[in-house]
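A.B. asks: So TrEMBL lists these for the protein:
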type	residues	note
COMPBIAS	407-417	compositional bias 'Basic and acidic residues'
DOMAIN	54-193	domain 'Potassium channel inwardly rectifying transmembrane'
DOMAIN	200-369	domain 'Inward rectifier potassium channel C-terminal'
REGION	391-441	region 'Disordered'
TRANSMEM	88-111	transmembrane segment
TRANSMEM	165-188	transmembrane segment
Amino acid sequence: MAGDSRVLMDHNMEIGVTPAQVKKLPKHLREPQIPTDRTHLITDPAKKPRQRYVQKDGKCNVHHGNVQETYRYLSDLFTTLVDLRWRLSFFIFTLVYVVNWLFFGFLWWLIALIRGDLLHAGEEDWTPCVENLNSFVSAFLFSIETETTIGYGYRVITEKCPEGIILLLVQAILGSIVNAMMVGCMFVKISQPKNRAETLMFSHNAVISVRDNKMCLMFRVGDLRNSHIVEASIRAKLIRSQQTKEGEFIPLNQTDINIGFDTGDDRLFLVSPLIISHEINEKSPFWELSMAQMEKEEFEIVVILEGMVEATGMTCQARSSYLDTEVLWGYRFTPVLSLENGFYEVDYNNFHDVYETNTPACSAKELAAKLREGPLLPQLSLLSPEPKTHTFDPLNLLSNQDPLNQEEGKAETEIGAERGGSNGSAAALEQVSALPDGLNK
């Protein structure tokens with residue numbers, strides 16, 4: 001047995017496959033793993049940190065400078081006001097109303113001054129334009145009462161002042177326009193779904209491992225709210241500087257990463273956390289990159305999750321990114337979904353956790369060539385050239401058992417059938433877990 005284990009280990013070393021982790025220990029019992037030449041972070045820890053293009057929280061790390069045509073911001077004033085910070089929005093909101101009230105208050109005071117109402121204030125035989133308006137302060141208060149339709153009843157306009165009636169109409173119309181614009185800006189700013197993206201989670205790291213005999217780049221997304229994202233879709237971009245064959249240098253060139261656009265896998269039903277997979281094939285930018293070659297690469301993967309908020313119907317977008325130092329070679333994500341009594345439970349404590357798995361150190365192109373030649377390691381089912389689909393059939397499992405135990409197994413099958421098919425998946429999981437170790441594989 002010891003000789004067979006040593007031969008198998010030597011064979012793993014030759015083909016660049018990492019040994020499988022026997023058992024995952026609890027976090028407080030785990031010892032820090034020493035990176036090996038086969039499975040570790042794809043970049044050296046001593047590598048200098050690189051500037052992000054998109055932050056982990058989704059903010060784009062790009063600043064626009066030397067903008068000469070600033071008048072373009074005023075051409076779309078509404079969007080400019082909505083995009084302002086909250087403190088500037090409150091300042092402009094207050095400033096617009098105060099300036100508007102002061103402007104029309106000055107006009108009311110000017111009319112009273114021209115008509116002589118200020119000089120004949122208090123005379124009973126004099127009919128002013130606005131009763132009880134005898135100073136600029138009273139004109140300012142009358143402007144506020146007129147535009148906000150407070151109507152205290154102490155200051156009123158008389159019918160002997162046609163210019164005052166016209167000014168009243170103008171202030172009522174312009175005041176409605178100002179109210180509509182400012183209240184509309186505040187409403188749109190408050191109802192923006194930016195905060196909805198705070199409950200959309202992305203895994204801290206992306207991983208590379210083998211799925212169905214194909215090398216895949218994977219990351220995980222999840223939604224913390226019970227209200228779902230409608231028509232959710234996801235896409236990914238590879239940000240990497242590139243030099244063309246003609247010698248042109250393109251900084252931060254963007255390349256699409258296919259994560260299921262042609263098959264529809266990019267449209268998500270995000271009820272529970274999902275693992276998004278990118279198959280590294282001939283069209284992938286990682287097709288010819290091995291683990292050793294990726295150590296020398298500098299790139300950033302930007303992932304974008306879009307959808308409509310179920311409560312408001314507004315479009316929401318959440319973003320995150322993975323640097324080359326945040327891509328783990330030879331790992332998979334720890335399962336977070338478990339079957340409980342009548343429901344499925346998601347354990348978000350394991351959302352970011354990964355575990356080590358058998359993964360070749362060669363590129364996806366070399367792996368595909370080796371799989372065409374034949375199985376790399378018959379003992380590893382994940383590297384077999386023709387993956388088998390295992391379906392659960394209790395009768396077939398019972399036929400492989402000992403003849404003395406078949407009668408007991410058939411009785412259990414009949415009891416399960418009497419319970420009904422409404423909980424068939426849960427019953428199947430219980431039966432598989434109850435089988436002997438030799439059959440539960």
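One is the number of the first residue shown, and numbering goes on along the chain from there.
Every residue gets a Cβ built from N, Cα and C, even glycine.
Worth saying up front: this structure is predicted, and the values here are computed from it rather than measured.
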A.B. asks: Could you give the residue numbers and ranges of same-chain residues that sit at least 6 residues beyond the transmembrane segment (88-111) on either side and whose C-beta is under 8 angstroms from one of its C-beta atoms?
C.D. replies: 81, 117, 129-130, 133, 135-136, 139-144, 146-147, 161, 163-164, 167, 171, 174-175, 178, 182, 185-186, 189
A.B. asks: Restricting attention to the domain 'Inward rectifier potassium channel C-terminal' (200-369), give the mean pLDDT.
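C.D. replies: Mean pLDDT, the domain 'Inward rectifier potassium channel C-terminal' (200-369): 92.
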A.B. asks: Run through the domain 'Potassium channel inwardly rectifying transmembrane' (54-193) and tell me, per DSSP, how many residues are helix, strand and coil.
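C.D. replies: Helix/strand/coil tally for the domain 'Potassium channel inwardly rectifying transmembrane' (54-193): 83 helix, 4 strand, 53 coil.
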